[in-house]
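This report concerns only the one structure given below.
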């Protein structure tokens, strides 16, 4: 087996940044000429995060093949510039589903199905599947979600313990990310949480090879010696992961610490020098803007910024491409109406309405869109944001006062947005069919679909091609019954499915920049290659700000 495996665990508390650490390490190894992939193992019982509340889980990241996955896969794609797939994320729920299906099929020949070996074997097969095929990567980084000590994570930790034994030390590496808090009152770092976390890991049978210490400032050498002594690792295998203002600095910080070099030595990887010119330019451009624009994000999950993680990053990418700083103003759509919209959006150079589900906060989004349209503020609507733009235009420009989505009002005579009952899936070559009674999980129009772009439109100006592929996650779509009526009032449909049956992009050509898309372009934006629509949106905001 040519693939080397790196397992990343976390201790003390959650949200330490395992995903960013894994992505940054992967990026560094990639600059050494190695092929890298990353997989996230989530211990929760949900089959996938598709039906989870964004306030609990954050963003659901959608892959090209239609998997609804953890937001960390967004970090993986952005840092590696390699598309992820459903193979790159699995959960306890998915693992148990597979094992139970096999038991029902009789695959276990009457055996008593247990966590060990059946669940752990299934986990191992998911991990090892990354090393299959001629295009198997040189390195596979496996991030185990949650915190060491969580009862849900025990089968995953047992599985990686077994893999270490089966694959050998030269092919496996265990990295443990832990918190080293700095007590300002005492003026010192505290290592006790790290010691206890490693002790917990050792009790499971896993000896970390490298300890990555999340801290406010770099830890001194005497502290590294202490951690190495108590945690049974080499002193040069204890690294700092310091807080940064710009997350794209993390690979550079790791490189300065010698983190990737130590990993390469321990796994006997080719020790070519990392080529970091592109990362250095990215950070330099990001830290030295030539102006500033303010963009309002109008949503109902704004109290948890992680719910819009890819969106946030895509706007930053657009700023880097335009050499401007993008200040984001999160506005709760439940607090917006026509009477106070001017107050909420005073000083904004762009207004973005993202996706979402359910009626709560929708009228506030519509009020924000009306303000953007009437006041010539650059507007970008994504998924539900596009649908709300259609509703607003129908109500106020096409004399359809009760215009709405079928999702929100079944009694409306002008359902300009309605439930998709069937569509063609070009990947499976099947016609997918749904109705109001279908299961919620995994039943939307998901993944990458082609879009035909109309020449001489804002969209074509951005893409510079007439055919693109974008990622979708929705049940509702524009109702073509109203296409002619809205077109007569000035709306154009600049992007459609190849057969012309589904409206994917809408624009108002008389507006400085007003565009809505049914897909999620933020999932395909990259720090060194901003998505064309985000690049153009921020460019329009820059023009509005007169920067």
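Each Cβ is built from the backbone N, Cα and C atoms, and glycine gets one as well.
Binding of CTP is annotated in Swiss-Prot for 150, 151, 152, 190, 191, 192, 193, 194, 195, 226; the matching candidate from 14, 15, 24 at the same site is 14.
Binding site for L-glutamine per Swiss-Prot: 356, 384, 385, 386, 387, 475, plus 407 from the candidate set 334, 407, 456. When the candidates 65, 70, 72 are compared with the ATP site entry in Swiss-Prot, which names 15, 16, 17, 18, 19, 20, the shared residue is 72.
The secondary structure of residue 190 (CTP binding site), as reduced to three states from DSSP, is coil rather than helix or strand. Taking Cα separation as the measure, residue 194 (CTP binding site) is nearest to 16 of the recorded positions 16, 20, 386, 522. Ranked by Cα separation from residue 143 (Mg(2+) binding site), the binding-site residues 14, 19, 195 are led by 19. DSSP assigns residue 143 (Mg(2+) binding site) to a strand. Residue pair residue 384 (L-glutamine binding site) / residue 18 (ATP binding site) shows a Cα separation of 31 Å.
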